[in-house]
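Novice: For reference, TrEMBL lists these features for the protein:
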- 29-53: transmembrane segment (TRANSMEM)
- 47-299: domain 'G-protein coupled receptors family 1 profile' (DOMAIN)
- 65-92: transmembrane segment (TRANSMEM)
- 98-126: transmembrane segment (TRANSMEM)
- 146-170: transmembrane segment (TRANSMEM)
- 202-227: transmembrane segment (TRANSMEM)
- 248-267: transmembrane segment (TRANSMEM)
- 279-301: transmembrane segment (TRANSMEM)
Amino acid sequence: MLLSSADVNDTAFRPGTFLLVGIPGLEKFHLWISLPFFSMYIFALLGNLVLLFTIVREQSLHKPMYLFLSALTLADLLLSTTTVPRMLAIFWFRVRDISLGACIAQAFLIHFIFVAESAILVAMAFDRYVAICNPLRYVTLLTHSVIWRIELAAVVRSLCMVLPGIHLVLRLSYCKNRVIPHSYCEHMGVARLACTSIKVNVVYGLTVALLSAGIDVVFIAVSYGLILRAVFQLPSAGARRKAMSTCGSHLCIIFLFYTPAFFSFFTHRFGGHSIPRHVHILLACLYVVVPPMLNPVIYGVNSKQIRETVMSMLSWMGSRRN
């Protein structure tokens, strides 16, 4: 039943807290679901911390590719830590209450990190393009000052895109329904609880997705199209294998980052009735923990320098202990 404007004014209020359901429809399995999420989070935490520490400590890794990787690692740490501990509190202790301020802050951080991480992946694609297609200018183009400017631009772009969403959520009037059928707060999940129209919020969400991930994917596709053309023109088979190995790890990370995000985005808007809600939410939960868990593994396995540095650090620690 539609509410009249008078009814909206009578029932609308600013809630002090919201209630997070977890994974709707699977509440009785929360304890079992929490076990793999906890394991993946610990693995992601340890793997990214080791990777970040290795890059910061080892001077030979202070190269553009690894500096961008350290930014990606930091973003993964923030993304998983912003969401997973709260999810585990719901699964283990049924702590479902979350204040309005904490909910808005969590939604801001999740969207901010997503947009920033997408920009970092574009920067990494550009790094590989210059390294393979224009190697003689690699050192002069990607200096440390240029890298810092690129990372600063990623942060500024994220702030400019995500901050308006905070205002759009705070301006809404909410009804008595405070239940968010999700494991964490995100922009549209909160907006759908409003009594008033959320058309502006829907348009804003689509616009941000297109201007960030949509455009970024086009840039990455163009970069790798040029990279593949250059790789297949290399005379040496060994050089082709080395170039493809380096780019392969980056492509795996791109696939892990964008595939679940786009699947969740499009099915949520265009296929929501054919796919059960718990599938949407479970995929969204996996999205914030699986890529952060696998990124250190992918780069650790494919980067000889990182492997050798980590092994030398472990050997040094073992000799000190003895």
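Including glycine, each Cβ sits where the backbone N, Cα and C put it.
Could you give the neighbours, burial and distances for every feature on this list?
Specialist: Averaged over the domain 'G-protein coupled receptors family 1 profile' (47-299), the predicted model has a pLDDT of 90.
Long-range contacts of the transmembrane segment (65-92) within its own chain (CB-CB distance under 8 A, at least 6 residues past either end) are made by residues 20-22, 30-31, 33-34, 37-38, 41, 44-45, 48-49, 51-52, 55-56, 98, 106, 109-110, 113-114, 116-117, 120-121, 123-124, 127-128, 131, 144, 147, 151, 154, 183-184, 246, 253, 285, 288-289, 291-293, 295-296, 299, 305-306.
Tertiary proximity for the transmembrane segment (98-126) is limited to same-chain residues at least six positions away from its ends with a CB under 8 Å from its CB atoms, namely 14-20, 65, 68-69, 71-72, 75-76, 78-79, 82-83, 86, 150-151, 153-155, 157-159, 161-163, 165-166, 169-170, 180, 184-187, 189-190, 208, 212-213, 216, 219-220, 223-224, 250, 253-254, 257-258, 261, 288.
Residues 111, 114-115, 118-119, 121-122, 125-126, 128-129, 132-133, 157, 161-162, 164-165, 168, 187-188, 191, 243, 247, 251, 254, 258, 261-262, 265, 269 of the same chain lie 6 or more positions beyond the ends of the transmembrane segment (202-227) yet place their CB under 8 Å from a CB of it.
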Novice: At a C-beta cut-off of under 8 Å, are there same-chain residues at least 6 beyond the transmembrane segment (248-267) that contact it? List them, or none.
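Specialist: Beyond its ends, the transmembrane segment (248-267) has Cβ neighbours at 72, 114, 117-118, 121, 124-125, 128, 209, 213, 217, 220, 224, 275, 280, 283-284, 286-287, 290-291, 294-295, 298-299, 301-303.
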Novice: Should anything in the same chain at least six residues away from the transmembrane segment (146-170) have a Cβ under 8 Å from its Cβ atoms, list it; otherwise answer none.
Specialist: 64, 67-68, 71, 104, 107-108, 111-113, 115-116, 119-120, 123, 187, 190-191, 200-201, 204-205, 208, 211-212
